[in-house]
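Undergrad: Submitted below is the structure of interest, expressed as structure tokens.
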Amino acid sequence: MPQQWPATDIARLILDGFDDYREHFRRITDGARERFEQARWQDTQTASAARINLYEEKVGETVARLREYFEPDTLMDVTCWPLVKSAYISIIDLRFDDELSETWYNSIFCSLFSHDLISDGCMFIHTTRPSLRRARAAQTRTYKPQGQISGMLASIFADYRFSEAYADLPGDLLRLEAQLRENLPDWVCKDPELSVELFSSVLYRNKGAYLVGRIYTNDDQWPLVIPLLHREGRGIQIDALITDEAEVSIIFSFTRSYFMVDVPVPAEFIGFLKRILPGKHIAELYTSIGFYKHGKSEFYRALINHLANTDDQFIMAPGVRGMVMSVFTLPGFNTVFKIIKDRFSPSKNVDRATVIEKYRLVKSVDRVGRMADTQEFADFRFPLSKFEPACLAELLEVAPSTVSLEGETVLIRHCWTERRMTPLNLYLDNANEAQVREALEDYGLAIKQLAAANIFPGDMLLKNFGVTRHGRVVFYDYDEICFLTEANFRHIPAPRTPEDEMASEPWYSIGPLDVFPEEFPPFLFADAAQRKLFDQLHGELYNADYWKGLQEAIRAGKVIDVFPYRRKGLDNE
């Protein structure tokens, strides 16, 4: 090993790239307040996509600089990279975003070297960061009502102000106080030790701003989220006060776009969120505020820890086998793993590259709470003993170019992970009458909200939707999605002759992007009762004019409101 091998220089250049990424990330994030105040909703969508793409762009730039500054024989000597890791640890020790900088280092290493060279000696498979920082207090503001809830609420909104005035602050405060008293037991509202703690920075996403914190006494606590809207021409409206943990969990769901929020010390804020949402894994919380790569790191660490400490084995996921993807899971780990088959069913008019493109598209669009977020992985290596034999046999049969056996190790060259849900078709098979109605209502609403966000699912079969633990219907099969404005919605032409009407084949031409909503009922529902109920609930989905109207609104630049919470006593404009 050369004595003067430039480990510190390489480490510093990697960290310089991270600093550049963080500066651009902060710049986009800090602009969220102004975009909200000025109601620049299309700019908000553009900024969200730009921030997601930023990470890979900056990784590419950093790798290019490394290749420019160091000779290949030096840079690519993997035996020396433990020295780079050691030097890197020493220069990130005083940072407030050190856990993110470890993930950045891993991304650079994986961009330079093949994944079979990954080891904890060369990169951060396990974090070296102290857990102490997560226990430190986040930057918050605390308010005590001291018997005057109305006065406390007034103090909160005296601190959280915008360049645009509140439209009706007195009326909003009266409504919030009523909601607070409705949501919490009377004894809590009268408790002299009652306190409200809010994170100092406002969270922004889509057309909303959110105050996030908790309400607590000496004995108990409740999460607290207060969403704000900007009603153009009228000002800022305080939209709701939410204290239900399940509802707050949905706001931070894996089906939502990422928040924009100023977090000087990310781990402190994540610790604060974890305190009010103990059921959320930190991987999901990091992802929810835009640090999706670090969320991926924390997910992987949780996965390898689960495999090391349980007897769980991979099995094929329940449900109808996919025509494009093969899906497997761990019973004790709330995730599915999706790989692309080598051969697709004949009815599928897509190829592997198109499928990859579709899944990556989902990362950058507004998922409006109706599409599961994904993480993409390359070169997963798992012990052979962790696979149920029938599962491994099926994977090797349907995707031999992706899954292979190397001694006692199973190599999965490429896969996506998604949150595991109950397939909607299986859910309906076991649901009572009320549950069927609720699920079909939400299924139609999911299709409508996706469409209004300019996403057409393509294949809308029940098996391609899942039901979350909160009972929400979510789309998760992306190989046929497209932008709604790309589809050509048509009415079925009237038959020209009696022979046309009796023909087994269409009497009209069909283009590759043509969609005939009148064909949906028998296509979506084999069960006649479910078909009839869905027609009552969402019959407009069978009319091409409904879809064309949405297309016109989207082309006119309208950005829809999709609320991740229930709204009380407000208009639904």
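Glycine is no exception: its Cβ is also placed from the backbone N, Cα and C atoms.
Take a look at what Swiss-Prot says about it:
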type	residues	note
ACT_SITE	D373	active site
BINDING	A317, P318, G319, V320, R321, G322, M323, K338	ATP binding site
Undergrad: Please list residues from the chain of M323 (ATP binding site) whose Cβ is under 8 angstroms from its Cβ, counting only those at least six apart in sequence.
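TA: Correct list: F344, S345, S347, K348.
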Undergrad: Fill in the CA-CA distance, K338 (ATP binding site) to the residue listed as 'active site', as an integer in Å.
TA: 13
Undergrad: Whole number in angstrom, please: the longest C-alpha to C-alpha distance across A317, P318, G319, V320, R321, G322, M323, K338 for ATP.
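TA: Roughly 15 Å, rounded to the nearest whole number.
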Undergrad: What kind of secondary structure is R321 (ATP binding site) part of, going by DSSP in three states?
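TA: In three-state terms, R321 (ATP binding site) counts as coil.
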Undergrad: Take the C-alpha atoms of V320 (ATP binding site) and D373 (active site) and report the distance between them in angstrom, rounded.
TA: 21
Undergrad: Round to a whole number and give the Cα-to-Cα distance in Å for the pair G319 (ATP binding site) and D373 (active site).
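TA: Between the alpha carbons of G319 (ATP binding site) and D373 (active site) there are 20 Å.
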Undergrad: In whole Å, how far does the CA atom of G322 (ATP binding site) lie from that of the residue listed as 'active site'?
TA: 19
Undergrad: Including all protein chains displayed, how many Cβ atoms other than that of R321 (ATP binding site) lie within 10 Å of its Cβ?
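TA: The Cβ of R321 (ATP binding site) has 14 Cβ neighbours within 10 Å.
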Undergrad: How many whole Å apart are the CA atoms of P318 (ATP binding site) and the residue listed as 'active site'?
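TA: Roughly 20 Å, rounded to the nearest whole number.
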Undergrad: Would you mind ranking the recorded positions A317, P318, G319, G322, D373 by how many other Cβ atoms sit within 10 Å of each Cβ and giving me the lowest?
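TA: Taking A317, P318, G319, G322, D373 as the recorded positions, the minimal 10 Å Cβ count falls on P318.
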Undergrad: Out of these binding-site residues, V320, K338, which one has the fewest other C-beta atoms within 10 Å of its own C-beta?
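TA: Looking at the binding-site residues V320, K338, the Cβ with the fewest others within 10 Å is that of V320.
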